[in-house]
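This report refers to the structure that appears directly beneath it.
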Amino acid sequence: MLDTFRSSSKLINTFTGHTDCVHSIDYLTFDDCQFICSGSSDRTVRVWDVDNNKQIQSFNGHSDSVNCVKFSHYHYHNSGRNVICSSSNDNTIRFWDFKYNKQLQVFNGHINDVCGIEFSSFNGGKYLCSGSYDKTIRLWDVETSKSLHIFNGHEDSVLCVDISPLQSNNKNDDNSNKMNNIGVIGGNGYTICSGSWDTTIRIWDIETTKQLNVFEGHIYYVNSVKYGSNELLNTILSGSYDESVRLWDIRSGKQIQVFDEHKNAVWSVEYSPFVVKNNELGGNLNVICSGSWDNTIRFWDIRSNKNELYMIKGDYKRDRGITCLKFIELKKKDKTKNVTYDWNLCYGSRNGHIHIWG
């Protein structure tokens, strides 16, 4: 429940080490150990040991700002490697083994800054999509390091991408493992969404490589896009330089809600794990979350664009604005030494700090 988080949460940890804006963070558990990775304008990719509250690795191989970082489930489950993927303004995507402190792969193909990246929800994360200032989206095979397809259609830089969530397996679908025209097995029905400087959000079919839809409504750069899951499977959440957060219905192609309380650019949006009890409608309502350069993180009722449900206000002198968000479920030991898990919110700032609120 959001009420529980709102009543008891506080700042519980801060990681310092980056010397410039933190653009991206990710979280994963490897071998029962909890890690956060981060990418920054200081050109580094860093790894943080959450259990011991310290930085354990820093990679300096990029020659320009690091825009996005993701842990690779594919490498972990297929070869036992602890790997981070990062994209940069040096036009490359790089893979880093942080257990053995070495670079594994470099993807070259984009001819300008590489912004958002995302692993596929299908085939164990074997595929990666990327958006770039060169106005394209690329789909890559992580195993072979090959670029499988280039999606063209945006009229300006592509800032953010996401891949639709894992679908339930249909035993009656004879084509579920059929190889399609871009070499993706199991890509049937999966889509990519992308946000751009051209102010649009576009949907792309991975199997057919066709553009399916264009969402228009933002009046400035689209900085963040996210697919919903479960009962919100047919929605997309977006945040923009126009200071708004918007919710879209994929089936109708229409905008559902606009949340416009932020006072500066919205750089990150997330579907939160929290719900809020609604006595009027009965049951619980889903909550979404957004982070902005106005140095606030705001929580919103997905069914209403009225005032926000809750706001976390940062220290502007210290942070100068929120740049990225990630909900993480951290281990917690009580006095009986039993292990429980609590939802926490991890966020990065323009000043290079990473905070955990929970």
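In case you wondered, yes, glycine gets a Cβ from its N, Cα and C as well.
A TrEMBL annotation is a machine prediction, not a hand-curated record.
Feature annotations, courtesy of TrEMBL:
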- 15-58: repeat 'WD' (REPEAT)
- 59-106: repeat 'WD' (REPEAT)
- 107-150: repeat 'WD' (REPEAT)
- 188-214: repeat 'WD' (REPEAT)
- 215-258: repeat 'WD' (REPEAT)
- 259-310: repeat 'WD' (REPEAT)
Top stretch among 15-58, 188-214, 215-258, 259-310 for CB pairs under 8 A with the repeat 'WD' (107-150)?
188-214
Please spell out the DSSP helix, strand and coil residue counts for the repeat 'WD' (59-106).
7 helix, 23 strand, 18 coil
